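J.: Per Swiss-Prot, domain 'Core-binding (CB)' is recorded for 1-85. If you look up Swiss-Prot, you'll see 106-285 marked as domain 'Tyr recombinase', on the strength of sequence analysis. What Swiss-Prot records for Arg146, Lys170, His237, Arg240, His263 is active site, and it gives sequence analysis as the kind of evidence. Annotated active site, O-(3'-phospho-DNA)-tyrosine intermediate per Swiss-Prot: Tyr272, in sequence order, evidence recorded as sequence analysis.
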Amino acid sequence: MQQQLDAYCAHLRSERQVSPHTLQAYRRDLEKVLGFCEKMQVRSWTDLDIQGLRSLIARLHQQGQSSRSLARLLSAVRGLYHYLNREGLCTHDPANGLAPPKGERRLPKTLDTDRTLQLLDGAVEDDFLAHRDQAILELFYSCGLRLSELTSLNLDQLDLADGLVQVHGKGSKTRVLPVGKKARSALEQWLPLRALSNPPDGALFVSQKGRRLGPRAIQLRVKAAGERELGQNLHPHMLRHSFASHLLESSQDLRAVQELLGHSDIKTTQIYTHLDFQHLAAVYDSAHPRAKRNKGGE
């Protein structure tokens, strides 16, 4: 068994040309399987069956191995058996149909409402960068936008009169979102300054030279605001998570939050229900802590 394992690793190195890091990880995983086989007196790769491999996976899971690590181990086993089958040394694959135990999904990091208001209610200096960055922060939180969605926004997608923004999301799906009062005010402060930079295209958020801000530039501005106002690391998706969590906590309307976020599967939205946690515009108007829009169409 050791010879065949060594031959497979040599095949990965010379023919598949996998990286040293990947090769080391695969060998380490397969050595675990080999050690298990020796303890269970499984004397050849042909004798390892699905029940035996399932027993190993269960044992490793109980010892604290993550689902991700176990998935990699199963991938290594499948690769080994694909090689053994191709070489005529085996006729089955014990990993076929096996999946690692499901791990707990990591919960999104959010700001609570007080911390969010602390971030957004800080004093704004009267200059180009300050007004632009404030508009970016307010729009992220007001609409729960993805970084890619905000980066790609053009001026003609914004309707301040009606308080709406058209967003092009994942899968070429378009959704129209309400823009809260605070975000509208910040945008109204920003747009005259934007015009002074003479942007050559319709980008909503631009540099002082009129060029569209890229994702990295926006990430850095959000990070700087987090460090300045909150003394913590902040990234755009944390504002999206906070938007979703705060709305869901107040409204308990999972479907509305799903549509506002642009999630195709409600299971993706359900991750926010951990925060203890009317349609769309009504939920937005009544629940969002910074989006109370005046009646009568301000």
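Cβ coordinates come from backbone N, Cα and C, glycine included.
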J.: Go ahead and report the DSSP secondary structure tallies for the domain 'Core-binding (CB)' (1-85): helix first, then strand, then coil.
T.: 70 helix, 0 strand, 15 coil
J.: Starting from the Cβ of Tyr272 (active site, O-(3'-phospho-DNA)-tyrosine intermediate), draw a 10 Å sphere and report how many other Cβ atoms land inside it.
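T.: There are 24 of them.
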J.: List which of the active-site residues His237, Arg240, His263, Tyr272 have their Cα within 10 Å of the Cα of Lys170 (active site), in sequence order.
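T.: Hits: His263.
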J.: Between the Cα atoms of His237 (active site) and Tyr272 (active site, O-(3'-phospho-DNA)-tyrosine intermediate), find the distance and write it as a whole number of Å.
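T.: Answer for this pair: 13 Å between alpha carbons.
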J.: In the structure shown, which of the active-site residues His237, Arg240 has the fewest other Cβ atoms within 10 Å?
T.: His237
J.: What subset of the active-site residues Arg146, His263, Tyr272 lies within 10 angstroms of Arg240 (active site), using C-alpha positions?
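T.: Those close enough are Arg146.
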J.: My understanding is the cutoff is Cβ-Cβ under 8 Å with a sequence separation of 6 or more in the same chain; which residues meet that for His263 (active site)?
T.: Thr269
J.: Kindly state the mean pLDDT of the domain 'Tyr recombinase' (106-285) in the predicted structure.
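T.: A mean pLDDT of 88 is what the model gives the domain 'Tyr recombinase' (106-285).
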J.: Using a Cβ cut-off under 8 Å and a sequence separation of 6 or more, which residues in the same chain sit near Arg146 (active site)?
T.: Gly169, Lys170, Pro236, His237, Arg240, Gly262
